[in-house]
Amino acid sequence: MSFYIGREASKIWKRFCAEITTEINLLAENWKYLLAGLICQYIHGLAARGVHYLHKPGPTLQDLGFFLLPELGQDKAYLSETLFTTIFVSFFVWTFHPFILKDKKIYTVLIWCRVLSFLVACQALRIVSFYSTQLPGPNYHCREGSELARLPPPKSALEVLLINFPHGVLYGCGDLIFSSHMIFTLVFVLTYQKYGTQRCIKQLGWLLAVIQSLLIIASRKHYTVDVVVAWYTVNLVVFFVDKKLPEMDRTSAAALLPMSIKDNKGGRSKDENHKLLNGNSVDPAEWRQRTQVNGKILENGTAHHAEAAKNGA
């Protein structure tokens, strides 16, 4: 038993080390795209903070979702944030599963390059949308009479650039069309739909996206139009952007790997490197001697009849 555990631990460690080497090389090749995506996340936050200065509270607009869904109230507004955090953390952890698990279809660096490209495209459209028309916020802190509904003019540029994180993000107003929470949720669900392997998790992801939509409306954090526009906009953006990007699963992305990974390294052949990166063992201890004697195959001292091909069969 201890021998088996030690052997499996050794295989996992080798797999982890091989994946680390691969991802570091991919990061060296693609760090500019990741950095650009993260900078765009900051720009999106800055734009959302800026529109808060333009926000003018007013009566809540007539909304079909508000009519159909009962209001949760301020004491239950955390439900949508809790679900969103669960989706975000679950997806983030899943993108790192190639370091541990044997069955894998993605490279962590490449999948985040893809996800950030989807997010940036959607957020660019979102910024244009909520700066085009400022609607009175339906959230509790954005209504008339709330001290947070209006922001006083900034005293310095630094005050704007710091975006008062995280308070400024949680209590923003004016950045309505379309929902940022639904952008992240749908991008994550669509990405797992393509690269995930568990059908039940794919179905659960879509169910959680629907529940997230209903909770956002019931919490009065967005109008129904903000959620509806997010559903068709994100799906269309992902569809068209995905066509423009090179395929990034582990089979099709082999040509994208840096030459240092493809070349013989550490005394291993290219075939061994390929097997190790894709979760297959190259440990000599896993190889078993097979000898053929009189139509039988001797494997570790045990005789097994070989399949015979019969004429006419």
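For all residues, glycine too, the Cβ spot is worked out from N, Cα and C.
No curator has checked TrEMBL annotations; they are predicted automatically.
Some features that TrEMBL has for this protein:
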TRANSMEM  77-97  transmembrane segment
TRANSMEM  109-131  transmembrane segment
TRANSMEM  169-192  transmembrane segment
DOMAIN    172-240  domain 'Sphingomyelin synthase-like'
TRANSMEM  204-219  transmembrane segment
TRANSMEM  225-241  transmembrane segment
COMPBIAS  265-275  compositional bias 'Basic and acidic residues'
REGION    265-286  region 'Disordered'
**Asked** So which of 169-192, 204-219, 225-241 is most in touch with the transmembrane segment (77-97), counting Cβ pairs under 8 Å?
**Response** 204-219
**Asked** Which whole number is the mean pLDDT over the domain 'Sphingomyelin synthase-like' (172-240)?
**Response** 95
**Complete:** Counted with DSSP (H/G/I as helix, E/B as strand, rest coil), the domain 'Sphingomyelin synthase-like' (172-240) has 53 helix, 0 strand, 16 coil
